[in-house]
Amino acid sequence: MSETTSINVEKKKPPLNGRRALPSNNSNDEENEVPEMEAFGLIPRGFNPKDYLHVVDINMFKEPHEINKQQHHTDKYYSPKLIVRRGQPFQIQIDFNRPYKPETDQFWLEFLIGRYPQQNKGTYIPVLVGDVLKPGEWGAKITHKENNSIHLSIVSSATCIVGKFRLYIAVWTPFGILRTQRNSATDTYILFNPWCQQDAVYLDDEKEREEYVLNDVGIVFHGNINDIKLRSWSYGQFEENILDACLFLMDKAELELSGRGNPIKICRVASAVINSKDDSGVIAGSWDNTYTYGVAPSAWTGSVDILLEYYSSKQPVRYGQCWVFAGVFNTFLRCLGIPARLVTNYSSAHDNNANLQLDFFLDDEGKVDTKITKDSVWNYHCWNEAWMSRPDLPVGFGGWQVVDGTPQETSDGMYRCGPASVQAIKHGHVCFQFDAPFVYAEVNSDIVYSRREKNGTQVIEKIDRTHIGQLIVTKEVGGDGMMEITEEYKFQEGSEEERLALETAVMYGVKKQTTQDTMYQPQTDVDMDFQVQKAVLGSDFKVTITFRNKSRNYYTATTYLSGNIVFYTGVTKNEFKKHSCLFSFLFLPSASAFDVVIKSSEYLSDLLDQASFHFFVTALIKETGKILAIQKATVLEIPTLRIKTQGELVAGKEMSVTVEFTNPLKQTLENVTLRLEGPGVLRTMKKEFSKIPTNSTLIWEVKCMPKRPGLRKLIASLNCDALRHVYGELNVQIQKP
């Protein structure tokens, strides 16, 4: 039997460079022409291909209810093509023009991907029919023969390329090879397989696989450490055309097809292509509260609209912030079969010079000097974790890996981050690729308050070692609750293990500035704290500052409160409240407290889209010249949308969904956009309202026909310049017809 190792490439070859025999093969979309008759030499007259075995039809068993999609957990994808996972057998049926005779007939299958298929690159795969299937290797065997038909069980390699393959069936004749015609109906998508032990993304817990691969909605935790808020996000990884859009992202990133079986490479290039910086990737970020010519980040309810818009326009979609980048990245990973989850780090450090220290500079009065303070504390920051083995690292660093599509700092010259092993971050082994020092700083930095004396010396007033990375969370498996994973990233604050991990990180090159003890002598006999009253957007609230005393001295303190409207990244837009007062107190074991009232008229006109405030309170103790400093972020309560359904909730039957909202502000809302979506129930719908007067209620009714039975989620958002981050959601149980 003659076996060809490479398929003829079409006549028009692009210009080559001197270094490689073939151009780079980095598009899943491009194809080559495959000859239907590949002659071994001169073909004698009278040769009729019909005299030999030839294929009449191929049945791929590709319907959602048929064996392949059921066994491979791909029945939810809205795609007419066959979708299977690698390393696991799938079934096809071949109908020939006559019964197949194994003694004389010879045929094999050919799987091709890209424009320049080569066997040694894994882009041209001839699969011979044998007697046994070896686990994790390409192979095929006949399981059933009947009349002119045969049933084949085919298994792909557990390390093969992930993407869309073209299938041909080749039959050997004495004069040449006969192939089936190009038929897109037999195209086969091969995905990662967390159910297969030989796959790099193997995950051994079925409940976790259902959550991290098959769940198409999730929760984004936002707000801040003292006031955790949550909202749903529709990943929609099974929706129509999303799989093709995700494969296009790898083409866009120009990842060689031969590298697309490796989840490490895929995550690294995807973290760059998810953001638009330096490669015109999927989402353009905007953190300045102006979203002209685009959609405000808070208005998106899921990833589907963003990915489909990018797939069709090939232009960055405007606009995103961290949870949007993370939401879309999660869709990409789950769609390809890589287990993934969205993670929120509260009080996340954005350390511009990666020295494990956020520097806040105070002026003479103890106020923060915004001109020279460059580091910032994000109220929260969202990234992703992807599950995979790390054969490129020492044993023990596989499992969850941090990947982050939000453009913060460059890595090897591009805005990307990860994959970085969570285990390596916890133990301080930040020498292991990729970007572990940056992630380590995000969860472990100290905040250092320092003041420049008149003679130019820098005096450190306070070091806060516990503010950063206080809480790291993700959605729980199988429910909508919160699961804390802080201890996956760091040891207990102040423990011996934590100190050892820090020393390890410093040894491996994380810069850590040392503070001389002589320079840092804090006031230890006074404690200062403050609490911000929980308040609804549009109402007044108060800040209570408390001093607690541990000595018998009598002191006077000048207290300064600065209230700032901030982006959730901790960057100040403006200071809306200044309050100074002289406060004398005798140091007794009791606490002294006083209130500062914040009126809604002071903040409403400048409020940003997450209703986020940041308060600095500093107190200068007159008798010792020492400064006490503390900072906290707070978020106002934002009103929610109410969602109701009417009619029977049955797959294939029309139902109606109503969204209601009452305007709580003392002003009319203008140019309001409502969005509603629910994977498997309805595609995203939008509605514009020109005005919603104070206290009036808007009602929007939508008719839809749910496609899939089961527990589904409806998600809605409301957006306008005066009010953003308004969400509503509803779980609905869709019955079988």
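For all residues, glycine too, the Cβ spot is worked out from N, Cα and C.
Pulled from TrEMBL:
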REGION    1-33  region 'Disordered'
DOMAIN    314-407  domain 'Transglutaminase-like'
ACT_SITE  CYS322  active site
ACT_SITE  HIS381  active site
ACT_SITE  ASP404  active site
BINDING   ASN444, ASP446, GLU493, GLU498  Ca(2+) binding site
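What TrEMBL annotates, mapped onto the structure for a quick look.
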{"residue": "CYS322", "record": "active site", "contacts (Cβ under 8 Å, 6+ apart)": "TRP378, TYR380, HIS381, CYS382, TRP383, THR406"}
{"residue": "ASP404", "record": "active site", "contacts (Cβ under 8 Å, 6+ apart)": "SER271, PHE325, ALA326, TRP383, ASN384, ARG416, CYS417, GLY418, VAL439"}
{"residue": "ASN444", "record": "Ca(2+) binding site", "contacts (Cβ under 8 Å, 6+ apart)": "ALA349, LEU356, ILE468, GLY469, LYS490, LEU502, ALA505"}
{"residue": "ASP446", "record": "Ca(2+) binding site", "contacts (Cβ under 8 Å, 6+ apart)": "LEU356, GLN357, LEU358, ILE463, ASP464, ARG465, ILE468"}
{"residue": "GLU493", "record": "Ca(2+) binding site", "contacts (Cβ under 8 Å, 6+ apart)": "ARG465, THR466"}
{"residue": "GLU498", "record": "Ca(2+) binding site", "contacts (Cβ under 8 Å, 6+ apart)": "LYS490, PHE491, GLN492"}
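Each of ARG465, THR466, ILE468, GLY469, LYS490, GLY494, LEU502 belongs to the same chain as ASN444, ASP446, GLU493, GLU498, is absent from that list, and has a C-beta within 8 angstroms of the C-beta centroid marking the Ca(2+) site. The 10 Å shell around the Cβ of HIS381 (active site) contains 28 further Cβ atoms across the protein chains shown. The domain 'Transglutaminase-like' (314-407): residue composition by secondary structure is 15 helix, 41 strand, 38 coil, according to DSSP.
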